[in-house]
């Protein structure tokens, strides 16, 4: 269906489709408005109008709400015109016009029905302005609320729900009036039909009609096939229609009109908590008319004289497979006896042992009026004369488990599979019920439900649970327990175990009816027949109206009470060992994750640079990200210099005396203080002294972001390069320009950035190892979510374990080599993922939105406070100019000599820093000596002053080990 195809598309593609669809819908609305202006007085005008309606409504997905109402009104107008011209219209022309009109009205009804779940954009906007007149206050209701959604999602969900209510009222109006028009058109055809002639058959895209006019005696017991369904009329039709009058005369002719619609026009109408009716369910409408066209009322036919019809499943329905109820055992086994506490006769006697003598299976029902089919399939068994016959006893009970030993408990229903041992040697005929199916009619189910409701609490969720017990019969019991012969309780036969393995299949069916104008489907007056199978529903109804069949299958239920009552290591050591191993593994993982969470806390914070001057008031925040490559972290001393349009920072060192920085995959934040604003940044010079040991000497820098804390401007430096003599181009010093918008939007940068974020923070399992320290989602929380995912997956696997069975090759299956994907598999996969991932995503989102213990803003403010409080260690220098001159001379002589001695990069950097330091000291001494009488004062020195741009000169570019690198 179209909705299924749209659901598989991305949101962007669906948005484009909906916009295009809305434009087409607007055109459709204009066409239907023009159609209303067409005159329908003559036959030719009616032909033109009906042919136009049939074409306009053919694309039901694009027919808007007003268009549906316009078509409905035009159909009523055409019907009235035909009634006035009925005597003058030839039969062939009447059939042509009625066919087009039926096609138009049924397509409009289908459009109104399917758009209750997905309206056009214009109709959704109109619904938003309507009164939301429905508020669900039933605490047991299945309606989903919007309290847990984001505002945008809640707004969209409320709009869809509101549109469904508004469109539902329109659908009800179109369907009610549409069925009225259909019945009027059928009466017109009936007036031109002669008794005993061939039936009138009309087939359109959304309807099949069969009109048969004959004498009641000739129609009694006749089978009518229409659409996918078959109808068998009552055998005593004369008494129902003419009350026993002469049913053989020419004037006694009656007509039977059967209409089948492949799409449910009442999809917005519920079933009163019974199994639902899908949109693709075929709807069968039966009417009986007198010769002149008046409707024959049939309120009740009485028992044994019902209308019998078979409703086939939709072509997209995939057959539910048999499952092995106990795949671990090669043969079914009745459980051992259980001691009953308090049954010992004396203080030294043992408690009495209770034996069940049954293997139990259960099924959850919906509603109060439905049938149950319990099917068995013997493995490696085909009916034939050479087979060894076996027969099973099946007993069933609602709410509680059936018992063959306790007369007070007992059971509600009983039967045998196969129903007769004759079916061990031959196949059942097509007109016979399946002998390997134990069938409980909806009438029997209602009796059992009434019994349960007299004793059980209505809030007990198990009151709709049907439990079946199975055991293999001894040969002397074969064919004994018929409908009128109940198995003995207590059960006297001693055969304990099975001799054949079997699979089971359980499902439920219901027959519904509805009359135009009713607010819900109901099952009154209908019985589910014993010929109901997995692919069809047999209904026997005592009145005439529109009918449909409901179907439900449930996943495997988990009996927690049984599971905990059999909580024994010796019975299932594999399960216990598996759970113990999972528990030990995750406990170890929790301990490991907790330790790393503590280490991550130590990595957080903003580090003021040690060489910041407390007197400098202009602040920048530097965010340095180290890459994830192997050995990307460094222990070398890293230096940088920022250059702006107005000033530069001078040579500064990235350092933190309290924690390790620039480690692999880490993001470190530093506070840089300068005397004056640097202006718009142009570039950054970045290098290190290669002083780390071994692989810790190299560094792979990912990105650097400089943030002006006064203007909040951000300057990005995209690095993604090695600073290493043995990697890349061998350079450990690079000039990095500020990245522009084009560079930040390049595919390579965006791909690497998003991939890193998705792997380190988004991927649930990988992020346990690579979680960013600044993330709110801790490692312990991630481990807990992994454990939740594991157990939810195990639960859903239990729910749908072996529900599929062997895959059949069907027309709807997608076959790729030896693999086959069926709609049933897709359904189970979707349900499994919803049960697994919806709770998981909710928990993950709660963790991600949790409050940080210490936010980044607070950390930044703390670093700023430390800076202005003079947290940097200060040294007092008592200098003499003579000593400084001597040291400067020595250092000045040393600097040029380094260019030819092949010294290390660390020595070069150290020499330049010392030279800059002594020049600063000398200047300060000169300023002091120029003021006689002033005592020596303690001076605050900045080892790397920003006032002198210190870059290594051109002659300080040695070559190390054949790999060139540059400091300048």
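From the backbone N, Cα and C atoms, a Cβ is placed for every residue, glycine too.
If you look up TrEMBL, you'll see 575-593 (among others) marked as transmembrane segment. Panel annotation: around the transmembrane segment (575-593), residues 569, 768, 778-780, 782-784, 786-787, 790 of the same chain, lying at least six beyond its termini, place a Cβ under 8 Å from a Cβ of the stretch.
Per TrEMBL, the feature domain 'PLAT' maps to 618-737.
Panel annotation: around the transmembrane segment (783-802), residues 323-324, 327, 555-556, 558, 582, 586, 589-590, 593, 764-765, 768, 828, 831-832, 835-836, 839-840, 843-844, 847 of the same chain, lying at least six beyond its termini, place a Cβ under 8 Å from a Cβ of the stretch. The annotation transmembrane segment is assigned in TrEMBL to 783-802 (among others).
According to TrEMBL, the feature transmembrane segment maps to 822-843 (among others).
Among the features that TrEMBL reports, region 'Disordered' is placed at 885-905 (among others).
Taken from TrEMBL, the feature region 'Disordered' applies to 925-968 (among others).
Per-residue confidence over the domain 'PLAT' (618-737) averages 89 (mean pLDDT, predicted model). Residue counts of the domain 'PLAT' (618-737) by helix, strand and coil are 4 helix, 61 strand, 55 coil (DSSP-based).
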